[in-house]
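Visitor: Under the heading region 'Disordered', TrEMBL lists 1-30. Taken from TrEMBL, the feature transmembrane segment applies to 112-131, 196-215, 235-254, 321-341.
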């Protein structure tokens with residue numbers, strides 16, 4: 001009996017002429033997408049080495065994300081813009097550098113002491129120069145002011161009778177006229193000497209240069225170097241000292257004019273003393289009319305004219321009304337700049 005059965009056929013027996021599903025499935029062609037995917041996987045397997053063939057350092061370098069040059073430039077530009085915006089937000093009258101080199105932009109203690117010593121020396125030299133060129137006129141202003149104050153006491157008007165009234169009025173008028181003429185000759189500024197013209201031009205030039213520095217420090221950025229700080233402070237000291245000395249001279253000139261006006265008012269008060277007396281006041285009226293017309297406003301002219309043009313009283317009047325806004329405009333950026341510098345210099349570390 002054969003051991004091969006239909007259930008267990010012989011290997012020599014050919015099977016039915018049918019195709020296996022597996023064989024058919026294995027010969028089915030790939031789609032283009034599957035073909036690309038398979039090719040990409042084969043290339044990756046070929047390029048990437050095994051873990052034991054790659055060093056850890058090289059592996060970390062390959063896996064570290066690298067920024068491109070453009071990205072680095074964008075980051076630097078963004079940081080620069082942030083620093084610039086912080087610089088603009090500082091409450092300061094001028095530009096202040098906030099770069100890391102700011103440590104080198106600061107004034108050292110030696111430079112600060114040198115600047116203080118130089119400023120004091122400039123103040124002393126300016127005061128000496130002022131008293132050399134204007135000291136005599138200032139001394140004359142002070143002496144004439146004291147003399148005018150004592151004039152009415154030295155030359156009183158006697159109102160006991162007509163004869164004494166007339167004689168004392170004529171003496172008062174004559175001496176007062178001599179004194180006023182002396183003052184006018186002493187302070188005649190219609191013809192300025194060359195030294196006065198030179199100092200006037202230097203003063204105007206210094207003021208214009210100071211205004212330029214102020215405007216430049218307000219609108220410019222990152223220009224506040226130690227050299228510019230020292231030059232700016234020295235120029236400010238020069239202009240301020242000279243302005244204070246000139247203002248002192250103007251105050252004494254104004255006091256002299258007010259003393260002259262006060263004497264005219266005192267002689268006018270004599271008219272009130274003789275109203276209830278039977279005295280001849282014709283000479284008194286003529287004297288009062290002459291001096292009021294000559295020196296008292298609005299018809300009278302000023303006793304001292306600055307540069308032969310501007311009355312001292314008008315200069316003082318304009319200074320009283322316009323000094324506050326002018327000083328506010330000039331000093332506000334200075335104060336802001338000093339406060340900002342003190343704030344920045346107090347930083348121990350600049351970011």
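Positions of Cβ are set from backbone N, Cα and C atoms, glycine also.
Since we're looking at a predicted model, the values are computed, not measured.
For the listed features, I'd like the structural context: burial, neighbours, distances.
Guide: Long-range contacts of the transmembrane segment (112-131) within its own chain (CB-CB distance under 8 A, at least 6 residues past either end) are made by residues 138, 230, 233-234, 237-238, 241-242, 245.
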Visitor: Which residues of the chain, 6 or more past the ends of the transmembrane segment (235-254), have a CB below 8 A from one of its CBs?
Guide: 119, 122-123, 126-127, 130, 134, 137-138, 141-142, 145, 187, 203, 206-207, 209-210, 213, 304, 306, 312-313, 315-316, 319, 334
